[in-house]
Structure formats: structure tokens, C-alpha cells
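Student: Got these off TrEMBL a minute ago, pasting:
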{"type": "DOMAIN", "residues": "A:120-311", "note": "domain 'ABC transmembrane type-1'"}
{"type": "REGION", "residues": "A:86-105", "note": "region 'Disordered'"}
{"type": "TRANSMEM", "residues": "A:52-74", "note": "transmembrane segment"}
{"type": "TRANSMEM", "residues": "A:124-148", "note": "transmembrane segment"}
{"type": "TRANSMEM", "residues": "A:155-179", "note": "transmembrane segment"}
{"type": "TRANSMEM", "residues": "A:185-203", "note": "transmembrane segment"}
{"type": "TRANSMEM", "residues": "A:242-265", "note": "transmembrane segment"}
{"type": "TRANSMEM", "residues": "A:293-314", "note": "transmembrane segment"}
Amino acid sequence: MTSETPQPPPGRTSYADRRKQRLDALAAASADEEGGVSLILSAWRRLRRNPVFLVGLAITVTFVVLAIIAPWLAPYDPAARPLLDDIRPQSNPVPGPEPGHPLGGDDKGRDLLSRLLVGSQQTLMVGVLATLFGLLGGVTLGTIAGAFAGWTDSLVMRIVDVMLSIPSLLLAFTIAALASSPSQWTLIIAIATVQVPIFARLLRGSMLGQRASDHVLAARSLGVKPHAIVFRHMLPNALGPVIVQATLVLAVAIIDAAALSFLGLGNPDDRRPEWGQMLGAAQPYLGQEPHLAFYPAACIIVVALGFTLMGESLREALDPKTRR
Amino acid sequence: MSTQRIQPAARHGEPLLAVRDLRVTFGRRGEEPFRAVDGVSFDVRPGQTVGLVGESGCGKSVTSLAIMGLLPTRGNTVEGSAVFDGEDLLSLSAPQMRDRRGADIAMIFQDPLSSLNPVIQIGRQVTEVMERHQGLSRKEAMPKAADLLERVGIPDPTARLANYPHQLSGGMRQRALIAMALACQPRLLIADEPTTALDVTIQAQILALLKELVVETGTAMVMITHDLGVVAGLCDEVNVLYGGKIVERGDRHTLFARPRHPYTVGLLNSIPRLDAPRGEALSPIPGSVADNLPWDSACAFAPRCPNALDVCVRQTPQWDGDDVVGLRCFNPMAVSR
Amino acid sequence: MSASAGLDAARGARTAAPGEVLVEVRGLEVHFPIKSGIIFDRTVGHVRAVDGVDLTIHRGETYGLVGESGCGKSTLGKAILNLEPPTAGSVIFDGVDIASLKGEDLRKERKRFQMVFQDPMSSLDPRQTVEALLLEGMRAHGLDTDKAATHARLRELMSAVGLPPAGLKKYPHEFSGGQRQRIGIARALSVGPDLIVADEPVSALDVSIQAQVINLLQDLQDELGLTYLVVAHDLAVVRHISDRIGVMYLGGLVEESEAGELYDVPLHPYTRALMSAVPVPDPTVEDSREQILLTGDLPSPANPPTGCRFHTRCPWRQETRCDTERPELRVVEVAGASSGHRVACHFAEQIAAGEIERHEVEAELVSEGFGGPDGPPTPPEAYIAP
């Protein structure tokens, strides 16, 4: 796009014409375009070509779809005990694979494949909800601190610092243990609470960066109202790293959920399976029947990997340095 | 420093550095290759200061990085030759090039803060070069480093050796960098926008220093800058780059008094001069580099050129000239400026 | 409602005619506290970024502010718009003291004075389309009530800065540097301001693009009767674009004059040094010109020299007064200097008359930063004239 059309010297009309045509064509081309390419759109275009992202996406989508259709996919009710008769407490405490039960059963004679499939529901739900609640709390606190700055910022950040100073698993452990009766909601709240200070700190930092940026100064000098500056300019531009962190935290939340379940702080009702809880139940048989622990552990690792790959490539795509 | 002007003496003879048909192409997989430097040739003779002038994206910095072997190892191809003292720098291995850098050829960069290691004292950074290339011990090198700092005009040099870069001002840091570059008495100094990050009064100090050093030591210098004013006072020979090619070359007096290429003329007309009468409107070059045509089949500057002919958009203009003076244009400006 | 109704409505409030005083800055100071301490922040000193500036800008003129980095020119520009709250002093804009305004009162007043920024990329929100960027200010000041008129106004703004209307739907990163700066100018114009403070409006642009933007600023001034305060380090650019120029050194004005006269009759030693340091793209001039090279660096604004701020580097420094008494801006009787030419130098007349000889200055070391390994910088030692 040439902004000034200079007057070419007379006598060279042919070239001047050509230039004019070129400019017209350019103008026409830009008029045809439906809107411009936003940053999100261009990030998505880069993501779409990134094999790392695609692998992460494939893993994640596979597990989410599996979790959704698990009740129909699972050959058996995860609470039913079709293999109970095969259990011999002395010689064969865990039934091995047999026709109709490709992965065999667990120590209570329940179908392992069904439990793994249905277990993904609980694990993913705990991970996603914990991250969402953590994100919500963190973004609220971070926005308050970043938007008001001054003593509000100091107050919020000191609270956050205190929360951060406690080892995260220990904090989750305490919260889960404080609950009167453990359930998956205790897990979600415990893990979410652990994530809140991380998100808050991250967002606050990037909000303060935005506050000092030229485009926010420009909005101030334009006379834009303070709330519009916070919600239109500071928050959207500050969210990038937080979103990336959220995808990475998802992986951590799933692992944390598994860890707490393993320690018996999750849902005590083992008729509703959950990977971490299955892992915990597999503990006594670790020597003889390692596959009992292997399957849920592998699922946890692969799902966590899927989210991590997505998060890392998202971070790369949103990084302004790699743009274009 | 005094206020007297020093005339850099142009000496003729065999070129110390002869760059021939240098091409640098950047291209990552899945991307259209981009030719940043497109057949650049120039000579630098001992004691001579050669300027490479152009705007951002014209390939001037990439040229210097390619000569110094400082381009990233992946994602680019470098063709052509850069013969320094009978040896093609572009064909040297990385360790051989490391031996040359800092010893025979030294470079000064634009940003003195990021070019210095922030956690190492100035003195150690200066002596490091001498230890590496001249095999001196640090004890032997320290007094030499102090001498160097004194020579580049840093007050109280012995005390400054113990300072960290952040404790010095921008101008002093650039002086320290120059001291490092001069530590092994290089025969060629490449200065890439050495004063762009500095204020004018500091720029004047640094330019005067460089001029003095070139005359005193007989070092050849390649000066890369976007500032025509800097070139006018410093360079014996000026090369104007546009879109990766040299479009005009001449000694500074000829080039500034009688510029021929419409781009050179456009550049000169688009900057306000401090000593010109006020009130005249500037005549900018229309458009931007985004309008460039590919050099393969046209003159890249044609879409922005007030003098463009039909042929300019159909054919590549050839270099008309030699290693001292030359022009790449179908329809140069009349000599009447 | 016509296309430019918003602009006209904003103009209706104007009272001052061309040539009248639009902005009057009195005793403006901006001091930044230097904090230190592990648990509780303690103020250990102040950076005197702007330290007592008086200046007057007339309606319709361009006032240029030059100086080197660290002289406080950018801070002064922002302080005049109250984007950087002044520590002391007043800024009377068309009868209203902007410096004392706060909150909603200040926000509403902002449509009358706008800013153009140095880096067009960082000053445009990357997530907004050009249309959203231009609409924002109009919306904030209630200038977008009529939909059709607003739409027409957006197109008018784009054409005023030389961009195609199709650009409205695009995002800042899809434009080149020069075009982005045009968007920044269009945004400033969107609310119909009287005064535009342009902070280094062209220094981030390529040489060939700079002239386009300079010409655009001048055209817009002719067309809309704008008043500019241009802050820049490039003397040639400032001299080209300005009617009057103020030269700043370490937080204070040292000289103020009509633009042409400043180059012809520079009175302050610092102005002389600054002028002589600007390279001219003409080898003949470069070879014959006498340069006044300053030695040393700018002293720290946290610890400015006593007396005349420039005395530590001044080649015309005298034994008396210079290091004890801070000179006021005053009109001097020197051949060629008009009555609007003010200078803050005790010995301006004698220097102009050649009665004082220039002498060599021993460079003093100035350390940058505060609280490095060596602790805060020590005050410069008493200067002993050779």
C-alpha cells in the first residue's frame, strides 16, 4: 500500500499508468479482504502447521472423546465384578487377561479396561475443573492487583506470597485433609487453591507490564475510561502467558489429582474409578502384577504429555518474537 | 580531544579485503527464501574507510555479519567470496575464523550494553582478547588494557578496569568496546552502526575518536550506517545499498555533490539539513520497501522511483562502473545538484 | 450531522484565536523517588527528571523540544499532558490548569490534547483493529452518537493521514512502520484535539519514511490549525518542523528561540556544542566545520551539579557564579538575537562577543545507575579550573 501517489514527470505516462493500475489493484485487493488477520488468527495459522501441537492435540482430543463415550465404550460396568471367581488369594490375586477381558481384572475382579476408560472421566474432570477454578481465582486476584496497583496490589500479593511459600502438594494435602469427607470436589478445590497464587502472580506481572506499555499510555492519553483500559487493553494482552500456563497446569493438575487420590484423599468410593485411585489400589501388587499400576500410570503420563505439548507450542505461537 | 579535523588519507594499492558477489539467502523450511544480500562486491584498502549506507533491510548489516562469519549456522546460505589478505574468509572453518576475529578483523556493534558481558569486569573483557590472540597472561595484559582505555578517552582508566559495564555510561561503554576491538591491532575494523544508540554530542566524540584511530594506526574500516551525515564526514568511499544490492558508489565528495541514483538523491532530499534554509518542504521517497520489485527481473526501486522508465520494471539494471565508482540505474538523475 | 461534526463540536469550545497563548507551563517539576530497602521501601533520593521549566506555546505554532537522552524532554512532554503527574508547577491549557486536574475531570479534558508516540508498534494495541483503535477515543468522549457520521468520520481520518479506508478492518501488525505511525496520528486526531504532543514521532522510522510523516504532520497542522509540541533528539528534524525551539539539559531549559535564529545565533554553550555535533550530509561542510566536542557524559539527574547544570562540561566556564548560581532564562542583548530569544547562561553576552576564551575541559567520570556494587555514585569532585 503506497500512501502518497507521487506525480510522475510528464512524458512517462505509460509507466505512470502502470503504477496507477498497480495501486488500484492493491487497493482493490485490500478492499476484497474481509477484515484483517488478528493475532489469534495468525497464531492459529502457525499452530496448525506445527507437528508438536498436532500430536498434543491428537492425544488430548482422543482422551477427551474416550472419556465422553466411555460409558458406552466400556464392555463392563466398572463397579461390577465379573472376574470375582478367578481370584485365588494365594496363587492368583489379580486375574490376568482372558477372552472378553483384554487387560484382565483388578484385585476385586473388576474389568480393568472398563475401569481405565471410565476412570478417564473422573481424572479429566478433576484436572479441567481444578484448572478452571484455579484460573478463575488467579485471574480475579491478578486483575485486581494489576489494575489497582498501589496498596491493593501489595495486599493481594502478600497473601499470594504466603500461599506460594507453602509447598503446593502439601497445601492441597492439607485442604483435602481438612474436608469432612473426601470426595472429588475436595480434590478439585484443593488443586484449584494451589493454582490460584501461580496464576495470580503471573497475570499480575504481565498486567503491570501492560500498565507500563505505550499502548496503555496511549489509551490513557486518549481519555479512555479506566475500566475500559483494564478490560479492553491490559487484560486481553496480559492473558497470553496465563492461558499457556493453564494448559501446562492442566497436566500438573491431573498428576496432582492422581497423587492425592493415590494417597486416599480423593473419592473414597472405589466403585467410581479414577486413575490415581487405581494406582493407589495397585500398590500391594506392585511386585507381582506391575501391569495393574502400569496402565493407569501410562494414561496419566500420556494425557499430561498431550497437554504439555499443546501448551508449549501455544507458548511458541503466541510469542511475539516468532511472529511472522 | 581537540577540535581539529583530521583528513583521512586514502591510500591506493592492493585491497586488504575484496568482497565479490556476496549473496546471503535466508530461508527456513516451508518458507519462501529471502535474499538479504544480492551480489554485493566492494574493496577495502589499507587505511581506507568504506561506508555501506542504507535503510533497515537493505542488507548492510547482514553483509558485515557474513564477512565476519557471524551469521547463524542454520537457515541461511552464503555465496560469493570475501578475500582478506589472500584468504577467502567465507571458506574458512569456524575455528580458523575465530582465530581471525578479534585479531586481524574486529567488529564494533551498535548496542554497547548488549555487546558487553554484564557480569564480567571491563578490564577482564579487554584482556581476554589479548590473552586469546596474543598469548599474554592477564598480568601482562592488564597494563596494556589500561593504556587502551586511556587511548580511547576513558578517564581514570586503571580504576575503570575494575568496573562492570552497567557502571559506565553509554558513550564510555562504546569506548570500551572500541578498546576491545583495537586490543590486537586489527588491520580491518568493521563498525556496524557504532553511534546509532548514542546521543549526538557523544556520537561526535566517538566519530572523532574513530577517525583519529584510523589515521594513527592505518587500520582499514568498514562503516555501516543509515546516517548520511556520518558517512559524509568519515568515509573515503561510499556505497549506497538498496534491497540487497549496491546501487551507487563513489568517493564521498562526488557522491554527495553529484548523486546520480534516484534513491541516493531521494535519501538526500528526504532528510532535513541543519544548515539549510528553513521553510522548504521535504521531498520524501514515496511508498515503502514493501513496494519493492524482485531484482531478478526489474529494478527493485522502480515502484518508488520518480525517474522510472518502462525498462526499469522489465529488466535488471547492471552495474555500470568499477570498484571505485559506479551506478546501477537505467535512468540516472541529471548531474545538476 | 456532517462528517466532521464531531471535530467541529470540539472546536466550538475554543476561545483563543491563533497566536494567543494556548499552553503556559510554570515552574514544572517532575521528581522520581529513588527507593531502596529490603522490607520497607525508603526514599533515598530523587531523580530530577524535570526541574523547574517555564514555557509558553502559542496556538497554531510548533514548539520543538530538543535535548539528549536523560535531559527530561520526554518526561516534560508527558507531564504537560498530566500523563506523568507533575511534582510541582502548573500547566495552564486554555485557562484550565491541567496539572491540578484529576480523575474524571482530567479524562474529559483529554480530548483537547493528544499524544503521538515514538514507537508506533508498541503504542497501538495489537489486539484491536484500526477501526476499534480510532473509535475508542470518540466513544470515550461521546463523539460516536450518530452511526453514519461516525462511519464517515473514520474514513475521513484515514484519508487525512493517507491510508486507504480498507485499512480500518486490519490490525496494526499488518502495516509497515510508517503506516503505523499514520494510524497513531489518526488516533490522536480522532477526538479533535487542539494540542498534539509528539514524542520522537519519526525517530523509529526509516530515513525515507521520516520525511513522509514530517510532511503529513505539517499538512495536518495547516489544515486543522493544530498546535504541536514536538519532542525529539534530532536537531535537524526539530529545526525543520518547529517555529520555536527549547533546548533542554538535565531537566531544565537552557535556551529558547525562534527556530532559524537558534542555528544562526546559538547563545548557550551547550546549544553550540549540540549544533556543532550534528553531522551534515555534505563532505565539504563536514570538513570545514569547527566542532565543539564536549568531554565526558551527562551528569546523573539524581545528583545534578550545583549552579549551572552545564558547568561541569562547559568549555566557557568561569571561575565565578557558574558553579554556585543557577542561571535564569533571560533575554540578552546580542546582535542577531530577537526579543523572544532567551538563554540561561551568566556569560552569554561575553561569549557571544568573544570576550571569553574557550578552554579545554577535563572529563569527569560519570557512573550510571544507582546502588551498583560500588553503592550510589559519589558527587562529582569540586572542579578545579586549569
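Cβ coordinates are placed from backbone N, Cα and C, and glycine is handled just like the others.
TrEMBL labels come from automatic prediction, so no person has curated them.
Can you tell me where each of these features sits in the structure?
Tutor: Counting residues 6+ beyond its ends, the region 'Disordered' (A:86-105) has Cβ neighbours under 8 Å at 75, 111-113, 116, 285, 288-289, 291-292, 295 in the same chain.
Within its own chain, the transmembrane segment (A:52-74) has Cβ neighbours under 8 Å at 111, 113-114, 117-118, 120-121, 124, 299, 302-303, 305-314, 317, counting only residues six or more beyond its boundaries.
Residues of the same chain lying 6 or more positions beyond the ends of the transmembrane segment (A:124-148) and with a Cβ under 8 Å from any Cβ of it are 63-64, 67, 156-157, 159-160, 184, 187-204, 206-208, 210-211, 230, 234-235, 238-239, 242, 246, 249-251, 253-254, 256-257, 266, 274, 303.
Listed by sequence, the residues of this chain that lie at least six past the ends of the transmembrane segment (A:155-179) yet keep a Cβ under 8 A from its Cβ atoms are 141, 144-145, 186-187, 189-191, 193-194, 196-198, 200-201, 204, 256, 259-260, 263, 265-266.
Counting only same-chain residues 6+ beyond the ends of the transmembrane segment (A:185-203), those with a CB under 8 A from a CB of the stretch are 126-127, 129-135, 137-139, 141-143, 145-146, 156-157, 160-161, 163-164, 168-169, 171-173, 175-176, 179, 238-239, 241-242, 245-246, 249, 253, 256-257, 260-261, 265-267.
Residues of the same chain lying 6 or more positions beyond the ends of the transmembrane segment (A:242-265) and with a Cβ under 8 Å from any Cβ of it are 123-124, 126-128, 130-131, 134-135, 138-139, 142, 168-169, 172-173, 176-177, 182, 186-187, 190-191, 194-195, 198-199, 202-203, 206, 274-277, 279-280, 296, 300, 303-308, 310-312, 314-315, 318.
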